[in-house]
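According to Swiss-Prot, the features are:
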BINDING   His2  Ni(2+) binding site
BINDING   Cys73, Cys76, Cys89, Cys92  Zn(2+) binding site
Amino acid sequence: MHEMSIALSIVDAVDAQARVEGAGRISRVELVIGRLAGIEPESLRFCFPAAATGTLAEGAELDIEEIAAVAVCGACGFRFSVTFPVAECPECRSLRISVVSGEEFVIRSITIEEGD
């Protein structure tokens with residue numbers, strides 16, 4: 001389960017930023033994860049509390065927005081949902097497709113509370 005290492009990296013990043021801001025604690029972390037990013041949101045939710053133990057993010061709420069995978073056909077311009085990184089256009093069967101969303105993995109925001 002690589003989600004634990006991802007959770008640890010997220011906690012490291014948000015903890016460092018919160019310390020720069022002089023925070024006393026982090027109350028919320030918001031992520032954007034595309035369906036093709038190779039990350040299981042439920043596993044990440046499970047790992048996050050353990051990864052956050054002993055940091056400013058301990059007890060923080062983890063909010064994850066999942067982004068659908070969408071591709072555009074380079075031959076006919078048709079936009080369509082994809083479930084795998086490789087797909088063909090359902091309209092013209094071309095393999096000239098470009099994924100335009102669904103690969104995101106972003107820390108959108110953190111909510112911090114001021115330190116003492």
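Any Cβ shown, glycine's included, is placed from N, Cα and C.
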Exercise for the section: Check the Cα-Cα distances from His2 (Ni(2+) binding site) to the binding-site residues Cys76, Cys89, Cys92 and tell me which is shortest. Expected result: Cys89
Problem - Check: same-chain CB within 8 A of Zn(2+) site center, minus Cys73, Cys76, Cys89, Cys92 - result: Gly74, Ala75, Gly77, Phe78, Pro90, Glu91, Arg93, Ser94, Arg96, Ile97
Handout entry: All-chain count of other Cβ atoms within 10 Å of Cys89 (Zn(2+) binding site)
Key = 20
Handout entry: List of residues, in chain order, with Cβ under 8 A from that of Cys92 (Zn(2+) binding site) and at least 6 apart
Key = Cys73, Ala75, Cys76, Phe78
Handout entry: Surrounding CB atoms that lie within 10 Å of the CB of Cys73 (Zn(2+) binding site), all protein chains
Key = 21
